[in-house]
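> This is the structure I have questions about; it appears just below.
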Amino acid sequence: MASPRRPVANNSAELHNDGRDMAYLVDVELGSQGQKLKMVVDTGSSDTWVYGQACEKKACLAHTRYDHSLSSDFKEEDLPFTVHYGTGDSKGNFVTDRMKVGDFDFVTKFGIISEASDVFIGFPLDGILALGFNNVSMSGQPGFLEELYSNKLIDRRTFGLALSKTNESIHDGVINFGGYDPTYFNGDLQFRNVTNQNMAAYWQVPVEEIKHNDQVINKHGKHGILDSGTSMMVAPYWDASHLHSGIPGALTNGNSFQVPCSTKDTMELKLNGISFKLMPEDWIGKPVAGSKDACISLISGHKVEHEAYLGKTTWLLGAAFMRNAYVYFDVDNMRIGKCCTLHDKILSHADLSV
């Protein structure tokens, strides 16, 4: 796991890259005794949870489990929950306890998993720090960002994300709460309003254009959900298939794709009139198991079970896309700001801008 250097701005916390560009984790301490866990920063989820000490499932035993009996601040809540990821459900109950993230230290609600599916067994996460909208929260309770705001720990319901890459000499992934750190990008943030503002469920914005090697393959009618908890980009199947059909040697099993590792093709998505180009190293992953020449494409097609909430026009823009820009999430104004990241030019302390 790549360790970041400490963030230079106030109200911030460093993010760890899992070493595979698959997950981005923040250090969290829970309970009065400060139990240390690493939680995935997830803009696509609305309920924060951790694995509980009472869970004896294989997925729980593979991670650090939170032991509520060690905390004098712990309070049980009569509020069960179920989370669904991929192939199975995980179940538990909401509780109240002390949480510390970066310089923030406060009492809040979160879920404890008591029955876990195996979907995260291969990932080094001990839980999810949810930064999605409250509208789709199972608990109906204020989320992490809302709790920071209501406890007067931040003045604005905003946060900024910069995700590092494993091949960078400096690992300085960061999350900034209540503002953004201008030392992470060169230029101005370009803003786009979130769609369906009255009942926003996800951090979703229009995707105005999709290109492969500078050739437009799709224009208008698409949307993108920025989801830091997803490692890849998940596209409508037709889009994913069309993109890969122009790559010599590309293969598919129906939903996922592989391409020759030597592929030099570029992809490009336009959001709010600004184009974000993906170089080969951005969308081509590790070699396929047992192969030296074929690599995993980080652009996959919708699985059938995704259609219900993604629809046939929506891209899930995960970490593979978000690594290429500083992204600013603004709940107060229901908008997203983006600009290029500059991981090698952070020289001194900076106050957050708003």
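Positions of Cβ are set from backbone N, Cα and C atoms, glycine also.
TrEMBL labels come from automatic prediction, so no person has curated them.
A quick note: this is a predicted structure, and the numbers were derived from the prediction, not measured.
Dumping what TrEMBL says about this protein:
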ACT_SITE  ASP42  active site
ACT_SITE  ASP227  active site
DISULFID  CYS55-CYS60  disulfide bond
DISULFID  CYS261-CYS295  disulfide bond
DOMAIN    24-339  domain 'Peptidase A1'
> What's the CA to CA span in angstrom from CYS60 (disulfide bond) over to ASP42 (active site)?
19
> Which one is it: of the recorded positions CYS55, ASP227, CYS261, CYS295, whose Cα lies the shortest distance from the Cα of ASP42 (active site)?
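Given the candidates CYS55, ASP227, CYS261, CYS295, the nearest one is ASP227.
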> Note down the number of other Cβ atoms within 10 Å of the Cβ of CYS295 (disulfide bond), including every protein chain shown.
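Its Cβ has 20 other Cβ atoms within 10 Å.
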> Out of ASP42, ASP227, which of these active-site residues shows the lowest number of other CB atoms within 10 Å of its CB?
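If we count Cβ atoms within 10 Å for the active-site residues ASP42, ASP227, the smallest count is at ASP42.
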> Within a 10 Å radius of its Cβ, which of these disulfide-bonded residues (CYS55, CYS261) has the fewest neighbouring Cβ atoms?
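Comparing Cβ neighbour counts within 10 Å for the disulfide-bonded residues CYS55, CYS261 gives CYS261.
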> Would you mind pulling the DSSP three-state label for ASP42 (active site)?
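Once the DSSP labels are grouped into three classes, ASP42 (active site) ends up as strand.
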> Please classify the secondary structure at ASP227 (active site) using three-state DSSP.
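Going by the DSSP assignment, ASP227 (active site) belongs to neither helix nor strand, so it counts as coil.
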> If you measure ASP227 (active site) to CYS295 (disulfide bond) at Cα, how many Å is it?
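ASP227 (active site) and CYS295 (disulfide bond) have their Cα atoms 23 Å apart.
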> Give me the CA-CA distance between CYS55 (disulfide bond) and CYS295 (disulfide bond), in Å, as a whole number.
36
> Give the mean pLDDT for the domain 'Peptidase A1' (24-339) on the 0 to 100 scale.
89
> Just counting, how many other CB atoms are there within 10 A of the CB of CYS60 (disulfide bond)?
23
